[in-house]
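Visitor: Mind having a look at this structure? Questions to follow.
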Amino acid sequence: MLPDLSPHLHTKECNMLIEFLQRCHSEKPIGKMIGKCSYWDEAVWQCTKKERIWRRDNNPAYKRRIVELRSLPEKYWTPALHKLKEDGVLIGGADQSQGCKI
């Protein structure tokens, strides 16, 4: 089961994968039941997991939170995100206008 997929809760990279998943579900209403959207479902799951791990690792225990999670660092990217960057669909690090402040 996927977590809440609201755009304000995730980085721009994961939001892009969520958009691809939702587009697949709308284009293939029957196909989503037989696994046609499994690639994007798995990619979203991996990305949200990496976000959670990144938040956990960068959450200071006794200090005020300073880090803003707007863009997922490349070392936390999933294989799907790396493939999208190679294909030129994802441009990393340039846009800081989306995502959520922790």
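In case you wondered, yes, glycine gets a Cβ from its N, Cα and C as well.
Keep in mind that what you see is a predicted model, and the values were worked out from it rather than measured.
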Visitor: Looking only at Cys37, Cys47, which is named in Swiss-Prot as the disulfide mate of Cys14?
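Guide: Of the candidates Cys37, Cys47, the one Swiss-Prot pairs with Cys14 is Cys47.
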Visitor: Can you give me the Cα-Cα distance between Cys24 (disulfide bond) and Cys14 (disulfide bond) in Å, rounded to a whole number?
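Guide: Rounded to the nearest whole number, the Cα-Cα distance is 15 Å.
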Visitor: Return only the integer: C-alpha distance in Å from Cys37 (disulfide bond) to Cys47 (disulfide bond).
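Guide: Cα of Cys37 (disulfide bond) to Cα of Cys47 (disulfide bond) measures 16 Å after rounding.
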